[in-house]
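*Asks:* Please see the structure below; I have some questions.
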Amino acid sequence: MSTCKDHITFWNGEKMPIVGLGTWLSSKEEIQTAVNAALEAGYRHIDTAYLYSNEDAIGEVLQQWIKSGKVKREELFIVTKLPMIGNRSENVERFLRKSLQNLRLDYIDLYLIHAPIGLTAKHDDDLFPMNADGFVVLDNDTDLVDLWKAMEKQVDAGLAKSIGLSNFNEEQIERIVKTARIKPANLQVELHAEFQQKSLRDFCHKHGITIVAYAPLGSPGRNAFYTSLGMAVPGLPDLIQNPVVVKIAEKYKKSTAQVLLRYLMQLGLAVIPKSVTPARIHANFQVFDFDLTATDMTELGELDQGEKGRTFDLSTTLKGAEKHPENPFRGH
């Protein structure tokens, strides 16, 4: 299934550029260099989150580009997320308005619930609240259906054009879809050649929910990040050096990263590779000038490791998160 489209379309008609810049916790200088490089390269889809503490740095760059006339606000597609410390209905609007203020925007194109697990914080900057023993402080009363009703109100108020989910499992999505007045437009989850989530993809397709793949290259830079926070480092796949990917890349005179991104795009997914290196950011956008064959797609499909390929598990990075009743990876 090949597609040359440069966007995916939500059920409400909104269009999301199929390649976006993924961002994470980086220095202000790094993140601003990255966003400037992305916009220069042609990206219009920028992914961030309150949790990443980089919205203000991104907002400065967006404001410069809009004020200078180099880009119009309506040409941009900005995604941000409700933090886990905000996972109560009474907190949604406050955190969304904080994100809008940081980003210097009047509305968000897509607002996501970052994860279904609620945390209890002392203040709005206590992003990973821990107790004295190093366990994350859980809010065990997280009510996802009630939380979604508050998300819908942000669309009603014009603060978000579309709303969606991140790191939710099928059962949790089903619960929301059954009661939703405004159904989720998008699900953002870990998805790459070794963790292809076919069941979840089929489920979302059935419900008209589009998917954004985070860590589409296997997130090779994550080891250093986790180590810096003193968190456990999961085993990460080396997709960039995988012989099957290398062989296909050589055939098209493309990089292995470009092949991995193109594969997911041809599955109908949007991708948000993370990088702060301008050359890599530019290269990750050069994925619209070739098509993988059916044989290529089959070979890349066979790299799937199923659940063994999952590398993002909240309970391995947040000690004690596995005890939350809404832990999305329970039983995996």
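Even glycines carry a Cβ here, placed using N, Cα and C.
According to TrEMBL, the protein carries these features:
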| type | residues | note |
| --- | --- | --- |
| DOMAIN | 20-303 | domain 'NADP-dependent oxidoreductase' |
| ACT_SITE | Tyr52 | active site, proton donor |
| SITE | Lys81 | site 'Lowers pKa of active site Tyr' |
| BINDING | His114 | substrate binding site |
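How buried are the listed features, and what sits near them?
*Replies:* Within the model, the domain 'NADP-dependent oxidoreductase' (20-303) carries an average pLDDT of 94.
Counting only same-chain residues six or more apart in sequence, the Cβ atoms lying under 8 angstroms from the Cβ of Tyr52 (active site, proton donor) belong to Thr23, Trp24, Leu25.
With a cut-off of 8 Å between CB atoms and residues at least 6 apart in sequence, the same chain places Thr48, Ala49, Tyr50, Leu51, Tyr111, Leu112, Ile113, His114, Ser166 near Lys81 (site 'Lowers pKa of active site Tyr'), listed in sequence order.
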